[in-house]
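In what follows, a structure is listed as structure tokens, so that the remarks can point back to it.
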Amino acid sequence: MDLLFLGTSAGVPTKARNVSATAVIEASGSHWYLVDCGEGTQHQLLHTPLSVRDLRAIFITHVHGDHCFGLPGLLASAGMSGRTAPLDLVLPAALHDWVRLSLAASDSFLPFELRLLAVEQLGEWRSDTLAVSTVQLSHRVPSVAFVFTELNPEPRLDVQRLDAEGIPRGPLWGELAKGLTVEHAGRMLHGRDYLRASRPARRVIVCGDNDNPELLAEAAKDVDVLVHEATFTQPIIARTGVSFGHSSAAAVARFAETAGVRNLVLTHFSARYQPDPRRSPCIDEVREEAQVHYSGNLTLAQDLQRYHIGRDGCLGRVTGI
């Protein structure tokens, strides 16, 4: 299971960072999910191995443009690339008409079914490998975090149950191991009932804009990776007296330490933070502030950088993408 950051800047792009977009990639390495789609996201995708034909769903955290203005272009390009499979788009209900109008007014034809789902009524979204739920956050507009949880990872046959039910070893077991339904002694046996996860499911939280990390306290229990905004450092907020509904690196780090988060990834950095350490404010100041309060595995997300979440839940940087 991987994370690939397509945009890590808050509000506006910079020369080094595009606006918000994060790819969550299945363990298989092919299918993937997109959280937020700021302007220029499809351009970022051109620098990755990801294909819009393999995109399973898009999840938008809130209505602000740096998280959604890339949608019309990405959807139109998906159609032009030959995509035909239906696509679920989970986003605030307030954006549904905007998406429809953007496509209609630009005479954009989609050769696939676009299913618009209101994030406010989502409950839980599922594919065959992942479950996605939401956590309400605190921002100037309604905002959510998306919690990705693996379903039945690396399933193995429940041999004890098979033996207990007298199901003979052989071809039947092979079919059940594939998740198929078979008939035995007048009974219909469903593969899903005889498969058990061989390891703990990995869990990842990808947050929208949020000024109160404590709202994640329940969801963050036993989470492997927390991806959270760190738009400002504390001195900037203290000097200006406003946070605009965003978090400081210190606030997120303190929460992650208290919650026992193993891997903390900070993203959504204000454009004022430069990559050049000779200039101030510099992105290194975000890292330094977080390190004071957090002793776990800290990562500052970088555009077009891929990170792998191992079977043991450890997060590591991938060389190349």
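Including glycine, each Cβ sits where the backbone N, Cα and C put it.
Take the Zn(2+) 2 site that Swiss-Prot assigns to ASP66, HIS67, ASP209: the candidate from HIS31, HIS268, HIS293 listed for it is HIS268.
Binding site for Zn(2+) 1 per Swiss-Prot: HIS62, HIS64, ASP209, plus HIS139 from the candidate set HIS139, HIS308. Cα to Cα, HIS62 (Zn(2+) 1 binding site) and HIS268 (Zn(2+) 2 binding site) are separated by 14 Å. In the three-state DSSP scheme, ASP66 (active site, proton acceptor) falls into the helix class. A coil conformation is recorded for ASP209 (Zn(2+) 1 binding site) in the three-state DSSP classification, outside any helix or strand. Distance from the CA of ASP209 (Zn(2+) 1 binding site) to the CA of HIS268 (Zn(2+) 2 binding site) is 8 Å.
Each residue in ALA10, GLY11, VAL19, SER20, ASP36, GLY38, THR61, HIS62, HIS64, GLY208, GLU229 lies on the same chain as ASP66, HIS67, ASP209, HIS268 and has a C-beta within 8 Å of the C-beta centroid of that Zn(2+) 2 site, without being one of the site residues.
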